[in-house]
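Accompanying notes for the structure given below.
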Amino acid sequence: MSNDPTHQFQIHKIVPIEIGGIDFSFTNASLFMVATVACAAGFLYFATSNRGLIPGRAQSVAEMSYEFVASMLREGAGSHGMKFFPMVFSLFMFVLTANLLGMMPYFFTITSQIVVTFALAIFVIGTVLVYGFYKHGLGFLNLFVPSGVPGALLLLVVPIEVISFLSRPISLSIRLFANMLAGHITLKVFAGFVASLGSLGALGVGGALLPLAMTVALTGLEFLVAFLQAYVFAVLTCMYLNDAIHPGGH
């Protein structure tokens, strides 16, 4: 149903593909993931292909994005964290572009799918684990032993630290997924009020003014949320990478 606020999140198969009983179909979510990568890469290529001493608007945005993420990574993970800049910058641009594309009419918001955000979160935590053990060996386990804690309390503190670490991909993915899902549902509900009241004639148009104003305000807020959620995802990624670089630093 067109008035169903959750209809916009439904997955539809575009190219059905099944191999060995496993569904590998190319869906609308797959299409917009490809579109997200293409848009982000295309913008950065366009913005930097004709660089000048006096940057244009596109080049300025690209350079600001670069410096923004680089500064975030230095503050969150130190100078040694810059080796992860390509990863963090790619994640930031992917999430931001996906969020912004999802604001366009009839576009699909891939970050409103928990499987997408959870996959991104697992990638981040997996990188932390692989690098942590590669760089520090079993010394990485010092991450779960906070400095200054009396030995008698370690039996209580260590399990709490382990559970806290294991919950990171869950909290990281749900935070992004829930914010995008809730925001788009709210927008759809208010837009539905506007359409329904507007169809009732002059009286309905008058009654639709408040929902219309709310829709405009919420749209502006959602653009802000689109950036903030990409920022939060990148900041938390930097913090988690810092644990891999300095496992005994907390």
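Heads up, the Cβ atoms here are built off N, Cα and C, so glycines get one too.
The transmembrane segment annotation in Swiss-Prot covers 29-49, 84-104, 114-134, 143-163, 189-209, 216-236.
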Positions on the same chain near the transmembrane segment (216-236), where near means CB under 8 A and six or more residues out: 69, 72, 76, 88, 91-92, 95-96, 99-100, 102-103, 111, 120, 172, 175-176, 179-180, 183-184, 186-187, 190
For the transmembrane segment (114-134), the distant same-chain contacts (Cβ-Cβ under 8 Å, at least six residues beyond its ends) come to 29, 33, 84, 87, 91, 94-95, 140, 143, 168-170, 172-174, 176-177, 233, 237, 240-241, 243-245, 247
